[in-house]
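Below is one structure, written out as structure tokens; comments come after it.
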Amino acid sequence: MIDFARVQKELVECGKDAEGSGIKVTPKSDNLVLLLGTIPGPIGTPYEGGVFKIDITLPDGYPFEPPKMQFSTKVWHPNISSQSGAICLDILKDQWSPALTLKTALLSVQALLSAPQPDDPQDAVVAQQYLKDYQTFVNTARYWTESFAKPTSLGIEDKVQKLVEMGFPEAQVRNILEAVGGDENLALERLL
Amino acid sequence: MSRRVLCKFFAHGACLKGEHCEYSHDWNDPPNLICTFYQKGVCAYGSRCRYDHVKVSRPQSSTASSSITEQRPLVSDDVVFGNTGITSNGIAAAPEFSPSRSPSFIPSIPAWNQEQQQYHEFVGDDDVSQSRITSPAEIPICSFAAAGNCPRGETCPHIHGDLCSTCGKHCLHPFRPEERAEHMKSCENKQKHLEALKRSQEIECSVCLERVLSKPTAAERKFGLLSECDHPFCISCIRNWRSSNPTLGMDVNSTLRACPICRKLSYFVIPSVIWYSTHEEKMEIVDSYKAKLKSIDCKHFDFGDGNCPFGTSCFYKHAYRDGRLEEVVLRHLGAADGDTVIAKDIRLSDFLASMHLQ
């Protein structure tokens, strides 16, 4: 049975310090089983400036079992699946401790963003890129942050206008933007 | 009214009524320390009673015959205490007892005076055969002063005990050193325990994030002390964690038996109603817990019929039906060079360690 009294306390505690750490936890439903965590991208990394959303599901045994956490914002990182957002972090698995809270777990995830562990990858493609072509990795990670984790993403018309101003034909820009799901950076790569 | 009196069960961390209790669960409220036995007449503990021996504050009942209740207190004060005083060595001089007092008066005298009177009768008898009092240690001290306040003050005919610095009452008998020492020791222990309990109120469990001594049920209002570190948990949380199923690939020793905060491995948890502040206090709690378990028969050992998985390191008592304790069998091993070695505990890990070396 989930210790809801503790979850309540954790939410209050998190709310008090939201300004300082930038880490927020809000309930998605009334029953406090599904929560939404947000962490700011660490400064000095390709994730800087992004705000990442993490879906949290509390298991029945919480806090004696680790919370299930998954990125809902797409992230380019060796230890985070670029497809599903699954996180490879020991404290969310076998190194969990009931003295850890949602906030400390999110802080650990934030720390993972600034310190990737390519030797223990969750996403092999990203890990390969990180090891073999670090500069491309940084660029891709920054693109993904710009595209998916920016709180105020540009609207589709702004993107079209921006690309048209770069000298591409409008019809082609619209087609390609649609094909890549509205990602202006990916569209730019295609256009080039 | 009673809501503003501290619940004595709560003070010991054991009130089962919780918020439904008619007494106060607020540490700021004073506890009720009035001895009910004394109020009803006689308290068998006398001056050694831990509760206050004070007069009843109930209104004077009009049921008793008016002539006696109106006159009696005056008479008794004048007659009984009129000729008393404190002699130079501090011993109450016996009053001159008036034999004319008829027994029919006694029920009309309030309880506190009654005791006084009986005492005076006792002293009065002794006064007749003075030789029976051999030392001042045999005379009891004033119970009013011992309870905190004697209404007669300087004029009191009885010995006033010396002031106990811990409880602030004049309850130390000047001529009974053993009693003094005993009182001072128990008083200090009581005070220490209360202070420790008060300090413990603030301690939060790091797992449920609640104050351990404010949990809803009495069974939960206990700390679970870890043998190897000093992080506070409530007994239910730490036991829950240590007994949770290692399903997610958690290692029993490195994760479940480790402290959730510092991850230091502890082999056992000690339940305690108070939190400690020094290492000595912790050792005292641990030792008294172990001593208590040692007096309980191990159900696995079952008086020799069963088999205890903990063997000689079991905390419980391993005794046979006839009261004989289980003997630790020493194993003699012949070493390669011909010497005999006594092996005390043989653990599988010892062999594993030596295998590693080879």
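In case you wondered, yes, glycine gets a Cβ from its N, Cα and C as well.
Heads up, TrEMBL stuff is auto-annotated, nobody curated it.
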- Match it up for me: which of B:1-28, B:225-252 does TrEMBL list as zinc finger? B:1-28
- Task: Examine the ranges B:29-56, B:253-280 and name the one recorded by TrEMBL as zinc finger.
- Result: B:29-56
- Could you put numbers on the helix, strand and coil content of the zinc finger (B:1-28), residue by residue per DSSP? 10 helix, 2 strand, 16 coil
- Message: Let's see if you can do this one: DSSP helix, strand and coil counts over the domain 'C3H1-type' (B:29-56), in that order.
- Response: 8 helix, 3 strand, 17 coil
- Message: Can you work out the mean pLDDT of the predicted model over the domain 'C3H1-type' (B:29-56)?
- Response: 80
- Residue counts for the domain 'RING-type' (B:205-263) under DSSP, helix then strand then coil, are 19 helix, 7 strand, 33 coil
